[in-house]
Amino acid sequence: MSDSASAEGGRTAPSGPRHVAIIMDGNGRWARRRGLPRAAGHRKGVEAVRAAIEGAADAGIEVLTLYSFSAENWRRPADEIETLMGLLRRYLQAELADMHARGIRFRAIGERDRLPADIVKLIDEAEQTTEENDKLTLVLALNYGGRQDIARAARNIAESVARGLLSPEAVDDDLFSSYLLTAGLPDPDLLIRTSGEQRISNFLLWQMAYTEFIFIDKYWPDFTKEDFAEAVDAFTVRDRRYGSIKSGR
Ligand code: IPE
Ligand code: IPE
Ligand code: MG
């Protein structure tokens, strides 16, 4: 059998995603459907965060990135923002020890300046405490915007060029990636969005050039680790071509 025939016949074994990113959407609608305030949906959503982390750990994922608060979510009413920040604060306080014990490395992406100062402190502490861990990297996107990330990288690159530290010819995709907040992380292989909406909402725009998308028709508070496992299974049979063609076809 020639090499090309064997490549055609015995396709490479399906491999799982290294990096899964999730747009956790639908807390408000979950609550509204039950006649509850939106805050109740956000509270229940925290339980689904735990389920997603378990699902990622079970699947042996390297990086799990959760879109927790977008740069545009400041447009929401003040009391809802207060609720979300309160839940984030409590989550970081309550979970750090357990996260560390489980070998999870914590990282946050987004503009920290606008977050409450005590939360920034908790984030710094969580990042420092878990720095050496290597089981799963949990990335929370907090006050994150994809366009803002790209604009910031461009600004920093321009500054380096202006100061004579970088030549314009050195700016290619890899260099650009290294200036983004996700520097050092692999690009997401799989994006999951719950709630039935099918859009990116300014998430990891640059990083998702070749990401596979899975949309789940469930509100985020109902998301389970089985949903995570199912999405990973569905991912493994996707045919990722990166602009090329499959050998033998
Ligand atoms: C996701 O649920 C949580 C955040 C965006 C912080 P939503 O609050 O967006 O819920 P819906 O989309 O209004 O149902
Ligand atoms: C995206 O959800 C942001 C997060 C899940 C944190 P949104 O609910 O804010 O997105 P849109 O407004 O429906 O696009
Ligand atoms: Mg929403």
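The backbone N, Cα and C atoms fix where each Cβ goes, and this holds for glycine too.
What TrEMBL says about this protein:
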- ASP25: active site (ACT_SITE)
- ASN73: active site, proton acceptor (ACT_SITE)
- ASP25, GLU212: Mg(2+) binding site (BINDING)
- 26-30, ARG38, HIS42, 70-72, TRP74, ARG76, ARG193, 199-201: substrate binding site (BINDING)
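Features per TrEMBL, on structure.
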residue	record	Cβ contacts under 8 Å, 6 or more apart
ASP25	active site	ARG193, THR194, SER195, GLU197, SER201, TYR219, TRP220
GLY26	substrate binding site	GLY41, THR194, SER195, GLY196, GLU197, LYS218, TYR219, TRP220, PRO221
GLY28	substrate binding site	ARG38, GLY41
HIS42	substrate binding site	ASN27, ALA31, GLU80, THR83, LEU84, LEU87
ALA71	substrate binding site	GLY110, GLU111, ASN143, TYR144, GLY145, GLN148, ASN202
ASN73	active site, proton acceptor	ILE81, LEU84, ASN143
TRP74	substrate binding site	ILE81, ARG114, ASN143
ILE200	substrate binding site	ILE23, GLY146, MET208
GLU212	Mg(2+) binding site	PRO17, ASP189, LEU190, LEU191, PHE235, ARG238, ARG240
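According to DSSP, ASP25 (active site) is assigned to coil rather than to any helix or strand.
Checking the recorded positions ASP25, TRP30, TRP74 for a CB within less than 6 Å of any atom of ligand 2 leaves ASP25, listed in sequence order. Ligand 3 lies under 6 Å from the Cβ of none of the binding-site residues TRP30, HIS42, ALA71, ILE200, GLU212. Highlighted here are the binding-site residues (GLY26, GLY28, ARG193, ILE200) whose C-beta falls below 6 Å from ligand 1: GLY26, GLY28, in sequence order.
Non-local contacts of TRP30 (substrate binding site) by the CB criterion (under 8 A, 6+ apart in sequence, same chain) comprise GLY41, LYS44, GLY45, TYR219, TRP220, PRO221, ASP222.
DSSP assigns ILE200 (substrate binding site) to coil in the three-state reduction, placing it in neither a helix nor a strand.
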